[in-house]
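J.: Below you'll find the structure I mean.
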Amino acid sequence: MALFSAFQTTFLLALLSLKTYQSEVLSEPLSLAPESLEVSIDSARQCLHLKWSVHNLAYHQELKMVFQIEISRIKTSNVIWVENYSTTVKRNQVLRWSWESKLPLECAKHSVRMRGAVDDAQVPELRFWSNWTSWEEVDVQSSLGHDPLFVFPKDKLVEEGSNVTICYVSRSHQNNISCYLEGVRMHGEQLDPNVCVFHLKNVPFIRETGTNIYCKADQGDVIKGIVLFVSIFEEPKDFSCETRDLKTLNCTWAPGSDAGLLTQLSQSYTLFESFSGKKTLCKYKSWCNWQVSPDSQEMYNFTLTAENYLRKRSVHLLFNLTHRVHPMAPFNVFVKNVSATNATMTWKVHSIGNYSTLLCQIELYGEGKVIQKQNVSVKVNGKHLMKKLEPSTEYAAQVRCANANHFWKWSEWTRRNFTTAEAAPSEAPDVWRNVKSVQGHCVVTLFWKPLSKLQANGKILFYNVVLENLDRPSTLKLLSIPAPANGTELTLDRCSYQIHVTANNSVGTSPASVIAVSGDPGNKEVEEERVKGTEDGFCLSWKPQPGDVTGYVVEWCERPGDPLCDLQWKNLGPNTTSTVVSSDAFRPGVRYNFRIYGISTERIPYLLEKKTGYSQELVPSDNPQVLMSNLTSYSFTLSWKDYAAESQPGFVQGYSLYLKSKAARCLPGSEKAVLSDDSICCKYKIDNPKQKTFVVENLQPASFYEFFLTPYTSVGEGPQGAFTKVTTPDEYSHILIRIILPMIFSILLIMILCYLKSQWMKEKCYPDIPDPYKSSVLSLIKSKENPRLTIMNVKDCIPDAIEVINKQEGTRKSLTETEPTKPTYLYLLPTEKSHSGPGPCICFENFTYNQAASDSVSCGHVPVTPKAQPSQLGLLTSSENVPKALGKNYVNSLGEIPAGETNLNYVSQLASPMCGDKSSLPTNPPEPALCSEYKTQMAIPMGLASPPSITLLDEGEHDH
Amino acid sequence: MDLRAGDSWGMLACLCAVLWHLPAVPALNRTGDPGPGPSIQKTYDLTRYLEHQLRSLAGTYLNYLGPPFNEPDFNPPRLGAETLPRATVNLDVWRSLNDKLRLTQNYEAYSHLLCYLRGLDRQAATAELRRSLAHFCTSLQGLLGSIAGVMAALGYPLPQPLPGAEPTRAPGPAHGDFLQKMDDFWLLKELQTWLWRSAKDFNRLKKKTQPPPAAVTLHLEAHGF
């Protein structure tokens with residue numbers, strides 16, 4: 001009973017409850033209105049955030065509702081935005097909605113109201129709008145502060161090309177505000193008296209520090225501004241996806257440019273597949289992995305979205321999975337069954353589906369180059385036989401695969417290296433010899449070139465040299481020389497030998513190379529011929545040999561100065577008569593000697609020709625030491641016999657001699673040349689390289705010359721060196737030496753002789769009393785045949801006075817001696833009264849000695865002292881006595897006088913007491929004022945002869 | 001001119017003799033304390049050099065900020081840059097300052113300006129600008145050291161920095177990027193004015209401390225010629 005009553009009570013309560021609910025819904029259909037509407041502002045994002053709830057919902061009830069939101073600006077009637085927002089609403093759930101304003105919220109007052117309606121099929125009867133909420137006003141301006149001017153939005157970050165709205169809010173009505181974008185004034189739309197709005201369209205990126213926008217009042221120090229940061233954000237590029245194992249897709253892309261800001265904004269990349277509706281956030285900026293669904297989805301449509309703070313960028317990609325298979329690299333790759341010429345390559349591939357086939361590509365590399373290329377279709381296991389390989393050669397084989405049905409990409413290569421097996425050497429070694437004769441033996445040095453890789457077919461282990469004595473054919477001698485020797489020396493007797501050389505590797509022996517050595521070395525004299533080398537080498541040619549020649553060999557040394565020489569040779573066929581020898585070892589300025597041998601049918605080489613030349617001639621490296629000899633006034637000889645022209649880096653073609661002199665013109669045989677130091681000199685060219693002497697001729701005596709000799713090759717002259725100085729001797733110097741010296745010697749000898757025979761000489765040459773007959777005057781007189789002039793003989797003189805001279809032997813008085821010798825006179829003739837007092841005196845000259853003086857006017861050098869006058873006058877006073885004393889002589893003399901002059905008397909000059917005594921003459925001091933001279937012996941008439949003498953001579957004067 | 005070997009030997013001998021007597025030249029053989037004169041001159045020279053350097057740096061930096069900051073007639077009010085030490089001062093007040101006060105003000109001003117400048121350096125975007133700023137900072141640091149040297153030479157103590165009063169550049173976004181640019185503009189402008197003022201200060205100080213000009217005679221004795 002109790003149980004029944006309890007159940008009844010519960011039922012009634014439930015019924016009541018249901019009734020209450022129904023009554024509520026039905027009676028108050030407007031109660032599902034948004035309530036507690038709150039509006040907040042996000043200035044930075046220019047967003048209005050709305051928050052409300054619906055209270056009148058039952059517990060646990062969920063209804064779909066639509067809310068209509070109205071936003072008005074400045075005044076409520078100016079509705080700028082209406083939007084219906086649908087959502088599912090629970091009881092007391094706080095609902096949120098945001099709206100981003102184009103206009104900065106600070107620029108104008110905004111008002112928001114909303115109403116709601118049930119939009120749920122379950123409750124179709126409730127689908128009507130509730131009442132509007134009251135307007136919720138959002139006025140940021142009131143909270144801005146007291147600054148006179150504001151500019152909004154503050155430091156906004158926008159994408160390049162977007163539209164931006166800017167405004168200023170002024171607190172003063174009077175001030176005119178002007179705004180500038182990057183210094184250019186903007187014109188805006190006055191929203192209200194204090195607010196002006198500027199719409200910027202398609203904003204460009206200008207600089208990283210942002211675009212400056214500022215406003216200033218006309219009056220006062222008011223300036224406000226903002227910086228608009230413009231960013232560039234591009235979509236990702238090269239978006240691509242592929243799979244390697246059909247399990248994972250790997251998508252890659254190149255991020256687009258994201259620049260224009262001082263600080264980079266963080267980006268995110270999202271991969272969305274539309275068929276499966278799956279989405280994944282990529283961890284990396286350029287790639288992302290996607291798990292392939294196991295439900296064998298073939299088609300994929302991907303959207304890659306790049307997103308930063310400002311916006312999103314997307315790219316799309318649609319593909320079939322099997323068309324994007326990038327196979328894994330082949331594995332288990334082996335090279336098997338490697339012989340000398342063949343090898344087999346095997347590999348495995350990762351399956352890319354049950355029915356798919358892979359196309360594999362095999363490449364064979366030899367010495368870094370592809371030598372074989374082959375394509376093979378493979379399911380799982382691959383196999384390929386490589387043929388035509390070289391023995392003992394390293395190869396590399398590589399394989400890669402791709403989807404044969406839908407080619408997308410090759411896999412990576414898988415590579416294996418292998419070496420083919422060895423084979424016997426295929427060619428005989430190239431052998432040459434050098435034969436020397438040492439102490440009656442024949443020393444043969446054998447050389448051979450190592451076989452090339454292709455010829456050797458493996459590693460050469462040793463060389464076999466078999467000596468076959470041709471004189472004794474049964475005698476064989478075997479020498480085994482281990483590799484890598486490239487020659488050997490053999491000492492043989494004078495017999496002829498044939499030498500067989502073979503190369504051996506681990507597999508077998510090469511064909512033999514045969515060379516013969518004869519007992520006769522046969523080194524005949526062959527003239528050397530010059531050959532000109534070029535950059536390509538030496539072009540050598542020779543005369544074809546009559547008879548059987550099996551070939552030719554050209555031999556040369558690559559290092560001619562080196563004792564080891566580095567002998568090289570070149571084998572040539574029997575029909576060849578020329579070849580070009582080239583080598584990297586050839587150096588300019590080095591002289592190379594080539595020998596050309598002919599090979600006889602007996603394999604014996606014999607010398608045919610010799611050639612010598614330079615690959616490139618150079619100028620001479622040094623100049624000769626020049627010796628100078630035979631220096632004369634007009635020439636000198638130069639010689640440089642020690643100069644080694646052969647060791648020069650070129651064929652010396654001659655010599656140039658430079659001669660410097662002060663003469664402006666060059667001598668014959670030379671020409672003017674300008675030296676490197678711009679000095680000018682004369683150049684002699686000596687064309688003959690064998691000429692080692694040169695005579696420089698036609699020089700000037702006592703002149704200074706400088707010479708310099710240098711050889712020249714076809715390239716040019718030797719180095720500029722120092723000039724040697726030479727001065728030619730004086731023209732007469734040799735005469736001086738040859739003549740003057742003997743003369744001096746002779747004079748000295750004569751002087752010595754004279755000294756020794758001085759007495760004899762005195763008597764002979766200058767006796768005290770000279771002999772007039774020996775005088776030259778005599779001959780002169782005779783030649784003129786002057787009859788009036790004769791020589792007075794001493795014997796004819798009648799002495800009238802004797803002078804006693806006290807003269808010391810050996811002393812002589814000079815003319816200037818002042819102390820006169822006082823002569824003592826003995827008067828032999830009667831004297832007259834001496835003439836006293838000063839008066840003219842008469843001076844006698846012995847004209848015997850001075851005929852020439854007869855024409856002279858003066859007689860000063862024979863003065864007559866007054867002291868001498870008495871005696872002289874004494875002699876002349878008696879004119880009558882004169883003819884007596886001299887009559888005989890004069891008669892004789894007159895006989896010789898021509899007839900026309902016979903009426904003339906001769907006034908004799910008496911022999912003076914000093915006649916013959918020259919030394920007494922100068923004792924009289926010169927007193928020319930007192931003297932009148934009697935100079936000329938002349939013919940005077942008889943009547944006139946004496947009076948003047950008497951007049952002149954006064955006796956009184958003789959009294960002294 | 002024909003120089004003969006004899007002439008060369010003569011010249012060489014002359015040179016040797018001059019070098020030999022060089023230590024005896026009084027003007028080159030000063031060992032005494034030179035006083036504050038040279039360091040003031042050095043500071044003055046450095047100030048003029050920095051003025052020149054700043055002219056180029058400011059041009060680059062203001063272009064980097066963009067118009068209107070690089071416009072020659074742009075003269076905004078000093079908003080937000082109140083913490084920068086002002087270089088402008090009343091002429092009478094400036095004249096009434098003594099040397100110690102002037103030097104102290106200079107030292108303090110450049111200490112502050114250097115801190116701001118380093119903030120500028122950190123925010124610069126281009127490497128070239130950063131290099132220029134870093135170079136200028138180094139030079140300014142040198143000027144500070146130079147002023148400290150002058151003060152020490154004159155016997156003035158260095159001003160002690162107030163603890164925790166290290167000026168820093170206000171971070172951009174909270175402050176406003178435009179205002180930040182204005183601060184940068186003012187920083188450069190104040191620097192310019194300070195350098196101009198310092199040049200005058202040091203010139204004045206130089207004249208004051210300069211001893212009466214003493215004739216320095218270079219007496220060369222050349223014996224043996």
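Placement of Cβ uses the backbone N, Cα and C atoms for every residue, glycine included.
In case it's useful when we look at the structure, here is the feature table from TrEMBL:
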- A:329-423: domain 'Fibronectin type-III' (DOMAIN)
- A:428-523: domain 'Fibronectin type-III' (DOMAIN)
- A:525-618: domain 'Fibronectin type-III' (DOMAIN)
- A:620-731: domain 'Fibronectin type-III' (DOMAIN)
- A:1-27: signal peptide (SIGNAL)
- A:735-756: transmembrane segment (TRANSMEM)
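Could you tell me the structural context for the features on the list?
T.: With helix defined as DSSP H, G or I and strand as E or B, the domain 'Fibronectin type-III' (A:620-731) counts 3 helix, 45 strand, 64 coil.
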J.: Mean pLDDT over the domain 'Fibronectin type-III' (A:329-423): what is the value?
T.: 91
J.: Would you list the DSSP helix, strand and coil counts for the residues of the domain 'Fibronectin type-III' (A:329-423)?
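T.: Tallied per class, the domain 'Fibronectin type-III' (A:329-423) gives 0 helix, 53 strand, 42 coil.
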J.: Could you give me the DSSP helix, strand and coil counts for the domain 'Fibronectin type-III' (A:525-618)?
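T.: Helix/strand/coil tally for the domain 'Fibronectin type-III' (A:525-618): 0 helix, 51 strand, 43 coil.
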